[in-house]
Structures are given as C-alpha cells and as structure tokens.
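Before any comments, here is the structure.
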Amino acid sequence: MKQNPAKTARMWIIICLLFVLGQATDNDRDFKMCGKWLHGIAPQNLEYDLKTGCERIEISANESTLSIQGRITAKCTQSSSIQLDSNPHQNQSHFCVFWEPLLDLLIVEVNGKNHTLCKPNGLQGTCCTDLSQGVQDNAHMYGIVNGSVKGDIITGDLKGNYIFDGAHINCKEKFCDEARLKPRGANMIEEVVMRFNAKGRVDLPCAQGTVIEMDEEFTGHNFTVPAPRFVDANTIPSVYIPSSLRSVSRRKSKVVCTYYKNKTLFERGPSKSALLDDIVGLSVENETIRNLIEPVKIRFHHRPFAPDSSGRCVSWDTKQDNEVNWKDDGCDTVKINEEQTECHCNHLTYFAILVQVEQKSTVRHLKALTFITAVGCAVSLVSCLVLFYWLCKRRRGKKNQISLVHRGLVVAIFLLCLFFILTGILANVANETVCQLTGSLLHYGLLSTLCWMAMEVFHTFLLVRKVFNSPLPIWIFYLMGFGFPFLLVSILLSVGDIYGERKIKPSDDVNNPYRMCWMTEGDKSQLAHYIINIGLLAVVVSSGLVMLFLVVREIRNRPDWKKIHVAFLSIWGLTCLYGTTWALGFLDFGPFSEVTLFLFCIINSLQGFFLMLRYYALERMKKKDVSSSDGSSSGSSKQHMLQTNEKS
C-alpha cells in the first residue's frame, strides 16, 4: 500500500510540534491546572493544606469539597477551609490552580473568583517547579473532568484526583533566562518586581530592583539604585523621584526601580551609537506616567567621553515600541562634569546614556562665533535705529522712493538681529510654544532681509536700465519685502513640526550644546531649509553679483574711480546693499572653512553698521559737493559711485 507523501509530511510536522510543545510545558516555570468539578447541590468548600518542601501537589474533588494539598512551597505554610459561593441549581464549577514558584504564590480560581492560598513572599532562589504528571484515580459520579495543564487536555474522563510531582530548580536564574529570550523581557522583570509583596531591595541574576511606597505625605525621594555586590558603589546611578509622581486619587502607590548592569536586554542592531552599561527602569503600579510637571532625575556615572563623542539621555517606551527603540523625546541631558551626566525626563520608562560619534554635526569655536555674532547684531541694532531716523529725517516732506526702499531693508535687518539675540535666551527659559513662535519670527526676519536685498537689486536695475517710464508703486516693493516672507512662514507654520528648539554642539564640549529657537532637525525642516533658505539665498547672491558687476562696469571710467578709497567704498557699500556678502555661506569647506565662517559671522552680523557707514559717507560727500565753490563734478561723481541709484 502506497503512502501519501503529503500526509506523511503533515504527520512529521505534527509530531515535531507536539515534541516542542511538550518540552516547553515540561520546562516551564509556572504551573496552571484547570478542570471542571462535578459536585452535588449541597454547599461546597475549598480545603487546602500546604507545607514547605518539594515533593508533590495533589488536586482532588468529591461531592462537596475541592482539595489542594502538598509540599511545594518555599516559605508558605497554610491549612484551612474556605466556603465557596454555591448555586443549588448548578452541579458543576470551573476551577484553575495557579502556581508561581518564583513568588511562592498559589491561587485557586473557582467560577471566576480568586482565592489566594499563598501570598507573594519575596523572590525565591531555589523553588519547586517542573511539576510532572503523576497518577490519577478514577471516579464514578463526583470529581474532575476535562483536566488540563496550560490548556492541554490531560484526559476527558472523570477523575477523583490529579497528582503532580515537583523538582528543585534555581528559579531566579531560569526566570532571567526566559526574560532574555523575550522581545520585551525587561517588562517581565519589572512586573515580577512590582508584584514583590514588600518594600525594599529585590535581587535577580539579571537585574536589581527596589520598591518604594508613596503615601499621602510623600514629598519626593532621593536614592541610589540597588546594584550587584561586585560593582563599585561610587559608580551606581542615583535617582530623584518628585512629589508630582504621586497620584492624588490614590492613597498609596508603589514605584519600582530596576537596574541593569548588563545591557543585553536592551541592545539593538548595528549602529554608530552605543549604550553605556547602566540601564535604569522606573514605573508606577498600574499607571502610565507622562508629562510630569517636575522631571525625574537619573544621574549616571561614566568614563569621560572621547573628544568627538557625546552622550545623550535616551529612553525606550516598551508599551509603545515592541522592538528596542531609543529616543531622546521628553528627556534633557545635563552635564554635571566629565564623569557624570544627569537625565531630566518627564515620563517613566527605561533610561540610559547613548554615546554617539558626532564629528560632522559639531561646530568648532562655537562660543567665539556666537559671541561675535551677538555683539555684531547688537551693534547693527543700534545702527539700524540711527539709520532709520536719518532716512526719515532727510526725506521728511517728500516721499522719495529710494529712501522708502532703504527703510524696508533697514527694518528687515533690525528684525533679524533682534530675534537672533532673543532666540538664544528664550530657548533656555521659554516653553515649547514660545520657542516655536520665536523660531518662526527669526526665520521671517531672515527671509525679509533677503527679499529686501533682492528688492534693492531690482530697484537698481530699474533705474540703471530705465525699464519703465514711471517708477513702480512702492507698495509692490513692500509686498515682496514683507508680505512674501510672511506667506512662506505662515505656510510652514500650518505644516507643523518645522520650528522649535535647535541644539548646536561645539566640537570641544558636545555635551553642552548651544540652544536656539530655529528650524528643527526633522526631515520636513531640512527640506524647507534647502528649498526656501538656500534657494532664496542663491537667487539674491547671484543677482547681487550680476548687478554689482554691471554698476562697477558703468562707473569704473569716471575720474575719481582711480582713487583707491573711493573705489573700495563704492564696491563695499554696494556689496552690503545687494547681499553678496552672504555668498560666504557657500564657501564653508576646505582648509579655509574656519576663516570663511568667522568672516561670514563678522560681516553679516555687522551689516546694519556697514549700511549706516555707507549712508554717512554719502552725506559727507554731498556736503563737500555743495560747499565746492567751483561747482565741479568731483563730489557728485564720488557720490554716484557709492550710490548709483540715489538722487539727492
């Protein structure tokens, strides 16, 4: 007779699965035996007699009594009887026996109601488990039918009792081995420590924990996490839990802190970053904690980081992410010194220090560049106020279009410098909403400055080439200089996740970044930066260079052009006016990148000051021209070279 290959293959698969499942059941630490108890209509009782040891447990049933007796506990010794809720119209009850040897916990459930025969009594080292099935006695009318272990039916026949023989194992080690195989094994450890029926220290081979009780008088607590004996006490993390952690609606609640010196439960795939060895987990019993008013503080001890590396506080929320996913959301990194870093976090989960090599994302001489730019912006602020006053005073009584265009540029530069100074301050003291608003205003100031420089180029082009017979209305310039940037920023605000806190890390101290309110480092922000900022800057710089070339070509044959100071002032004044100094931003590479960066910060932060100097030079030349007795054209030609599009 021929065998069917498909049937043969299926049989082998079933046999293999049964073998694997059988092995898993035999080796599993916890025990669960269920069945249907057939009894009479008289009142029922649950009797139990439990003693310490590791021999056997017998589960039996008759007309009125369900009995649990044996020697399997580590510390629990209990013997008593419990009267069960009975229904005279029902002659059967479903029951389950749960045995957790690690906690020395034994619970019997009858018709959905739990009866705890042995309460949790610490975490047991050596315990009695691996309960293997022994003999069963048959019954005739009353007893247990459909007996099962962890869902697997033992027999459907009516039995009077079930006997299971136990064996000693190291429960803590086996529990840790099981946790290491689970995707979120740390949750298993945290749950076991949470169920630890006492306050204080809990020791496992894979983790150490402590249970802290918060009552109505809880005002915060500082403590050092428990650690293995072989670890130096001076290197153990310390934790501060604030009073805001306690729930007002609950009189008492437990905080569990778990400490892992071995990071195998938390490692992810290949990455350019690496976790430090210390992992700290924090949780509150039956609660999800987020957005704390006062943060929890975890201080880690470590060796000094390499010059090109930084350590930042990260957390893994195992309730949201099934796989290891370390994020810095909700955590601030505070550098205490070279060997201590403190994490301030507004939520509870697992925390660690992630060390990264960040050569490309750091800036050399950041403190010096920041100081230079801040001083330059402060000087430009004052210069813009003075220049705006001069322009208004000079043109009072006659609305000159050139003066109005200049005023627009002066106001834009003033806004840019003002918000640049404020952004570093507000990033450290203001909330997220204020920082987003400040970042958008700083971006508006930058775009408005670039647009007004483009308007200066366009206005000069109209005057030099005389494209139109009559000048364009001034509102067109103001619409493009102030309205167009407002439209762009409004669109970015509506998109969301564009503006916020930005951290710029100095190369000599990557753990102490400069905070500013600007465009964030997200993908959407980077896309907007390259399209809008870089795109507009490229247009302004290229058009400014072209216009500068055309103007210089037109005036280079004038008599006074040969005087060096006049030529220099002409080119420099127009360069600032047309925004061509921003071209230095495209030259930040190669061996002279640091020099270029310093020049970029110095020149562009002082742009308001240079424009004021340009205007002052024009006024002096105008006065000399007026006071000239012979009426020569020398002064006017100088003025024309500095300001080809301004008519006095």
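Each residue, glycine too, has its Cβ placed from N, Cα and C.
Quick caveat, the model's predicted, so the values are computed rather than measured.
These come from Swiss-Prot:
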DISULFID  C34-C96  disulfide bond
DISULFID  C127-C176  disulfide bond
DISULFID  C313-C343  disulfide bond
DISULFID  C331-C345  disulfide bond
DOMAIN    214-361  domain 'GAIN-B'
REGION    313-361  region 'GPS'
REGION    349-361  region 'Stachel'
TOPO_DOM  25-370  topological domain 'Extracellular'
TOPO_DOM  392-408  topological domain 'Cytoplasmic'
TOPO_DOM  430-443  topological domain 'Extracellular'
TOPO_DOM  465-471  topological domain 'Cytoplasmic'
TOPO_DOM  493-530  topological domain 'Extracellular'
TOPO_DOM  552-563  topological domain 'Cytoplasmic'
TOPO_DOM  587-595  topological domain 'Extracellular'
TOPO_DOM  619-648  topological domain 'Cytoplasmic'
TRANSMEM  371-391  transmembrane segment
TRANSMEM  409-429  transmembrane segment
TRANSMEM  444-464  transmembrane segment
TRANSMEM  472-492  transmembrane segment
TRANSMEM  531-551  transmembrane segment
TRANSMEM  564-586  transmembrane segment
TRANSMEM  596-618  transmembrane segment
Between the Cα atoms of C96 (disulfide bond) and C176 (disulfide bond), find the distance and write it as a whole number of Å.
-> 26
Going by Cα-Cα distance, pick out whichever of the disulfide-bonded residues C34, C127, C176, C331 is nearest to C343 (disulfide bond).
-> C331
Measuring Cα to Cα, tell me the gap between C345 (disulfide bond) and C313 (disulfide bond) in whole angstrom.
-> 9
In the topological domain 'Cytoplasmic' (465-471), averaged pLDDT is 58
For the transmembrane segment (371-391), distant same-chain residues with Cβ under 8 A (at least six beyond the ends) | 403, 406-407, 410-411, 413-414, 416-418, 420-421, 424, 598, 601-602, 604-609, 611-612, 615, 619
Is C331 (disulfide bond) helix, strand or coil when read with DSSP?
-> strand
With a 10 Å radius around each C-beta, find which of these disulfide-bonded residues (C96, C127, C176, C343, C345) has the fewest other C-beta atoms nearby.
-> C96
Within 10 angstroms of C313 (disulfide bond), Cα basis - disulfide-bonded residues out of C34, C127, C176, C331 | C331
Within 10 angstroms of the C-beta of C34 (disulfide bond), what count of other C-beta atoms is obtained when all protein chains are considered?
-> 18
